[in-house]
Amino acid sequence: SADCDHTVPLVPLISTSSELHSEPCESSNHSVLIIDDEDDENEKRQNAVPGDDSSSNSDGCEIISVDSDDEDDDGEGQWRSVSEPLNRLNALISAGYDNPRLLLTRIFGMDESILPTNSSSLWGIIYNILSDPTPRRRLKQYSTLDSVVKLINSSSRILVLTGAGISVSCGIPDFRSRDGIYARLAQDYPDLTSPQAMFEMDFFLHNPLPFFKFAKEIFPGQFKPSLAHWFISLLERKGKLLRNYTQNIDTLEQQAGISRIIQCHGSFATATCTTCSYRVSGDTIRDSILSQTVPRCPKCCPSPPIARPNGKAGQLSPISAGAASADESTTGPGVPTPVLTRCLRSRGPIRPPLEVSSAGVMKPDIVFFGEGLPPEFHSSLAEDTKQTDLVIVMGSSLKVRPVSHIPFSIPVSVPQVLINRESLSSHTFDVELLGDCDVVLDELCSRLGWRVVQDSSVPLEET
């Protein structure tokens with residue numbers, strides 16, 4: 001290509017069902033390698049789980065975590081300057097643009113239907129839009145698949161950032177298709193104004209049932225790790241993994257034996273009471289979620305739970321205390337309804353409760369709108385950005401902030417590689433390996449001479 005001075009030459013894959021070809025690029029800011037699997041051509045891309053980030057969700061809503069707690073802001077300040085976007089935001093407000101919803105829809109052109117309802121989250125989205133960092137310059141010495149192989153071989157502190165794209169092959173249900181989870185929830189719960197509403201604390205406390213129906217669909221234990229998960233696990237076993245920052249909440253990393261991990265958006269691994277903050281393991285609430293009952297705190301709500309009429313006489317959606325069964329549920333005029341309590345970290349107005357009691361609900365520790373990211377995210381990242389010698393981004397569109405700022409916070413001399421279905425215009429990588437993550441990694445492992453065994457108990461010398 002006349003416009004691109006580093007077009008990657010055509011290189012055949014070892015796998016007969018796959019092909020690797022170069023794609024002419026409009027500018028010389030990155031090398032693009034496209035790896036396709038013909039047998040997988042008809043497999044539809046899945047969309048991001050809340051708290052996750054997928055490369056195929058450009059036409060759907062984004063779950064954006066807004067960190068507004070002072071102590072968490074201090075943590076993020078260790079690795080990202082916040083003064084400039086704050087100045088821009090204050091300038092907008094001073095100019096009279098004080099309605100965040102109008103700003104997002106009319107100035108930034110966002111679809112109103114995908115926006116959260118509370119104003120603090122809306123202002124957080126605007127802040128994130130205004131905080132886009134300076135573009136990175138490509139390191140031109142890295143431009144081929146073999147250069148990526150050499151980088152992996154020579155690196156010992158690899159920072160891996162993952163999104164929902166690495167879990168597509170695991171069978172996690174689609175979220176935004178016509179018959180996806182969101183569409184089914186909208187039919188069952190007409191008061192759910194948008195898919196994001198169930199990830200807002202005020203709606204969750206008003207009606208937790210939509211969230212727990214969603215939770216059943218993706219609850220851990222129903223899926224197995226992908227080759228991508230096992231590849232990251234192998235990096236750790238070979239002493240090459242600095243940290244895996246995952247936006248996923250499916251806990252498949254733990255199943256693959258990855259321990260050097262930061263769950264950026266939380267996970268189902270633990271759950272916390274919205275009233276007394278008592279924490280339990282995710283296994284404690286498993287039976288309740290899979291039986292479609294809302295788990296209650298065994299510490300502050302030991303009494304029989306109150307059930308919510310499901311629209312028809314005799315049909316109940318009970319709330320369970322721990323592993324309490326539906327038979328223990330009671331209802332009727334003689335049963336007092338507990339006062340609605342508000343989570344201290346929630347934002348926005350509280351809605352009046354439905355018949356279902358919101359007291360003592362065990363909420364899985366997934367980051368909701370208005371909640372700060374885990375403290376370990378900021379503390380680990382402040383150190384990891386100084387130590388890493390290679391960054392690999394897999395299966396992410398880098399749209400969910402502040403996680404999307406991680407690649408920008410890395411020293412410019414550190415190589416960065418993208419493994420994804422689609423190229424990302426928001427960031428400049430040195431090499432982009434485009435295709436299904438598992439297919440790309442299978443080829444990489446072949447060239448590395450590694451055998452990815454999907455069992456963490458297999459001795460390292462056999463991999």
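Placed from the backbone N, Cα and C atoms, the Cβ positions cover glycine too.
Remember, TrEMBL labels are computer predictions, not curated facts.
Taken from TrEMBL as is:
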- H265: active site, proton acceptor (ACT_SITE)
- C273, C276, C297, C343: Zn(2+) binding site (BINDING)
- 17-31: compositional bias 'Polar residues' (COMPBIAS)
- 67-76: compositional bias 'Acidic residues' (COMPBIAS)
- 138-451: domain 'Deacetylase sirtuin-type' (DOMAIN)
- 17-81: region 'Disordered' (REGION)
- 310-338: region 'Disordered' (REGION)
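Features recorded in TrEMBL, as mapped to the structure shown.
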residue	record	CB count, 10 Å
H265	active site, proton acceptor	26
C273	Zn(2+) binding site	23
C276	Zn(2+) binding site	14
C297	Zn(2+) binding site	24
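Cα-Cα distance from C297 (Zn(2+) binding site) to H265 (active site, proton acceptor): 22 Å (rounded to the nearest whole number). DSSP gives C273 (Zn(2+) binding site) a strand state. The distance from the Cα of C276 (Zn(2+) binding site) to the Cα of the residue listed as 'active site, proton acceptor' comes to 22 Å. Across the fold, the C-alpha of the residue listed as 'active site, proton acceptor' and the C-alpha of C273 (Zn(2+) binding site) stand 18 Å from each other. Under DSSP, C297 (Zn(2+) binding site) is assigned to coil, being neither helix nor strand in the three-state scheme.
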